[in-house]
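Visitor: I am attaching a structure below and will ask some questions about it afterwards.
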Amino acid sequence: MTATDPVANLQTLIRCPSVTPAEGGALTALDAMLTPLGFTVDRVTAREEGTAAIENLYARLGRDGPHLMFAGHTDVVPVGDEAAWTHPPFAAEISNGELFGRGAVDMKGGIACFVAAVARHIEKSGPPAGSISFLVTGDEEGPAINGTIKLLQWAAERGERWDACLVGEPTNPDRLGDMIKIGRRGSLSGKITVHGVQGHAAYPHLADNPVRGLLQLTQALMDPPFDGGTDDFQPSNLEVTTVDVGNPATNVIPAKASASFNIRFNDSWTVETLRAEILRRLEAAAGNGQLRPGRPPAKYDIVWADRPSHVFLTRNNALIASLSSAIESVAGRSPALSTTGGTSDARFIKDYCPVVEFGLVGQTMHMVDERVAVADLETLTAIYQTFIDRWFAHAGS
């Protein structure tokens, strides 16, 4: 086996059961692919009290600029009901032109293809006129506390600087070449608790039902809309994700009621301005007597979740143009430049250099029978190799 073969690379990685937070041998396998290519490889274990220690990998080829980073993760989500899989989730079996296994598209496949692309570039042209690095974590599918964010800090403290980054997440909804992610919405979560007075459901005047107040508050968060979208982002959207009263009895008015929410927001907002708007809405709704006639304003508190994600947009023309033209040349289609979807580790990388995301088709990620077309692995490798050639030609000019 040589690192130029993306299929063999991916089979090796899938056969490592690296369900977060387990390394599972995946970083060891990646190390074994990169070291013979001339990369200097560091294994970095990150820790934080109350969380699982996570092993990460940073590898660099070359010492000069320009410097291109590829970022990704070898950790995967649990397999679910293994008996429901057509092929064992860590066997990496090929059937009818598809390679099955947990992580096939999210995102061991992207890593396997970029390794193959770099190996082919070296085989054809020698090392690049600059530097290529791999920044790979084992904590993307988990809490993301001991992963990319700490690996970036570790590398930056040692003098590492990057000119651009490609994240190999599965960005394509239907076909390879559909979409490049050039930014991501921000994400902010919180929990509202309304405090009432417990009592008998038949005597509501002797109690104060917090559910009524909670309904007022959550309604105010969902309507009216926060905005109508911007040129680069879809409208901000808030979803109530949990509702709880902790009350199993149908004839008891509960003492408190809580609801959690998450909002994905565009570049009309910052975390600070969005929090202020949410607090304004809650304060106004607390005094709304529609559901609580004759009652004083609802008593409530709000707790914000740690580590909100900030919205970002990449406008680096050289990075986007090099990748777009590579996709058009190899796949024959012009990719959409999108900011849709959830968050990724690009939210951390954007603080260090321009970053975009492009990988495989994501239709089966996290599903039973996660799989990738073998032909797509070859196509993605060719796209990545062409991108490497064009980015260094542009960045070095």
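Keep in mind that glycine also has a Cβ here, set from the backbone N, Cα and C atoms.
According to Swiss-Prot, the protein has these features:
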- Asp75: active site (ACT_SITE)
- Glu140: active site, proton acceptor (ACT_SITE)
- His73, Asp106, Glu169: Zn(2+) 1 binding site (BINDING)
- Asp106, Glu141, His366: Zn(2+) 2 binding site (BINDING)
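Tell me about the surroundings of these features in the structure.
Guide: Around the Cβ of Asp75 (active site), a 10 Å sphere holds 28 further Cβ atoms from the protein chains shown.
There are 25 other Cβ atoms within 10 Å of the Cβ belonging to Glu140 (active site, proton acceptor). According to DSSP, Glu140 (active site, proton acceptor) is assigned to coil rather than to any helix or strand.
For Asp106 (Zn(2+) 1 binding site), the count of additional Cβ atoms within 10 Å of its Cβ stands at 26 [all protein chains shown]. Reduced to three states, the DSSP call for Asp106 (Zn(2+) 1 binding site) is coil.
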Visitor: Just give me the nearest neighbour of His366 (Zn(2+) 2 binding site) among the recorded positions His73, Asp75, Asp106, Glu140, Cα to Cα.
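Guide: Out of the listed candidates, the nearest Cα belongs to Asp106.
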Visitor: Would you list, in sequence order, the residues of this chain other than His73, Asp106, Glu169 that have their CB within 8 A of the centroid of the site's CB atoms, where the site is the one recorded for Zn(2+) 1?
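Guide: Neighbours found: Gly72, Met107, Gly110, Glu140, Glu141, Val167, Gly168, Pro170, Ser344, Gly359, Met365.
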Visitor: List the Cα distance (Å, whole number) between His73 (Zn(2+) 1 binding site) and Glu141 (Zn(2+) 2 binding site).
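Guide: Their Cα atoms are separated by 8 Å.
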Visitor: Using the centroid of the Cβ atoms of Asp106, Glu141, His366 as reference, list every other same-chain residue with Cβ within 8 Å of it (recorded Zn(2+) 2 site), in sequence order.
Guide: Val76, Val77, Gly103, Met107, Met365
Visitor: Would you list, in sequence order, the binding-site residues among Asp106, Glu141, Glu169 whose CA lies within 10 Å of the CA of Asp75 (active site)?
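Guide: Among Asp106, Glu141, Glu169, the ones whose Cα sits within 10 Å of that of Asp75 (active site) are Asp106, Glu141.
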Visitor: Whole-number Å only: compute the distance from the Cα of Glu169 (Zn(2+) 1 binding site) to the Cα of Glu141 (Zn(2+) 2 binding site).
Guide: 12
